[in-house]
Amino acid sequence: MGSDSEAEKSALKEKERKKMLALAPIAKPLAGKKLCKPTLKLVRKAAEHKCLKRGVKEVVKSIRRGHKGVCVIAGNISPIDVITHVPILCEEADIPYVYVPSKEDLASAGATKRPTCCVLVMTKPAKGELEKGEQEKLKSDYDQVASEINEITASLF
């Protein structure tokens, strides 16, 4: 039995190593393991409450329309030219953004099967309203992740 767990651990480490090798050189600020988990959890909650914009086209459209939120970008996109303009738009609109290592993880957190380049997590749904308790919980998670992203960004620049 012990050998199975050792084999699983080595396979998991190999998978993590491959994810890191596939990262684009512009993927900064990159969320570490401690930030990646709450960020993907926030994306999952936002997807449940319909407070999420998926894909480059939707995210860019939302940013240009003045919607605020946290932008989460996958770091292993190929070709990288597809998303190089998104961080610039985010900086101009004062929207915090962070890269996560895998587009597959981002898609599964965003409740889609298709790998996703980037998502914009908003505090309010596009249509309708959330219940007061759910709104406050989503807002507190959002604020926590946004503050951690701002700390990472401040240490970079």
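Each Cβ is built from the backbone N, Cα and C atoms, and glycine gets one as well.
Just so you know, TrEMBL annotations never went through curation; they're auto-generated.
As recorded in TrEMBL:
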type   : residues : note
DOMAIN : 41-124   : domain 'Ribosomal protein eL8/eL30/eS12/Gadd45'
Using DSSP, tally how many residues of the domain 'Ribosomal protein eL8/eL30/eS12/Gadd45' (41-124) sit in helix, strand and coil.
34 helix, 16 strand, 34 coil
Integer average pLDDT (0 to 100) for the domain 'Ribosomal protein eL8/eL30/eS12/Gadd45' (41-124):
92
